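Reviewing the structure listed below.
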């Protein structure tokens with residue numbers, strides 16, 4: 001995936017966001033996307049290679065690794081980042097649709113042209129609902145992934161040693177996870193930043209609703 005293009009598209013949403021939205025974007029860029037690219041991928045690059053079990057039984061290590069790591073942290077985080085930023089693209093597309101509609105009307109009507117959207121990026125009408133939906137969707141995605149991580153990895157932490165007795169293991173074997181302390185630190189860091197993003201999205205949604213109520 002070309003993360004540079006991905007980041008460039010997201011930065012275009014910045015000018016259509018509120019102050020809370022800009023903080024959310026900064027948090028996603030600096031504390032989630034950059035940490036993922038610079039550090040997290042390297043930390044989990046050896047998770048399968050250095051997962052050691054005290055047995056030479058063929059297949060035992062692979063079966064135990066699949067049981068304790070059903071989905072890699074890195075792949076879950078990548079999917080989470082993609083889904084949580086898709087609504088921002090939806091807002092950008094809605095603004096682009098408004099601008100294109102204005103352009104078509106301007107070309108078709110000529111001097112009789114009447115401006116429908118004086119400011120296409122202003123959150124009114126359908127764009128307001130699109131923006132509000134994007135906030136709720138982003139918060140919902142983060143909540144769902146936090147639950148998924150909790151179900152797969154209890155308390156979001158990894159033990160130093162796991163005991164596995166799945167076939168074809170001959171008996172109960174001890175398996176050792178590579179760098180569990182470092183992985184736990186990064187996992188908790190990503191969980192905390194996701195929680196902060198959820199709070200920011202909900203605050204921004206409340207701000208939009210409250211502002212609309214005051215105007216009405």
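Any Cβ shown, glycine's included, is placed from N, Cα and C.
Predicted automatically and left uncurated, TrEMBL annotations should be read as such.
Per TrEMBL, the listed range annotated as transmembrane segment is 128-150 (candidates: 105-127, 128-150). DSSP assignment over the domain 'Connexin N-terminal' (42-75) gives 14 helix, 2 strand, 18 coil.
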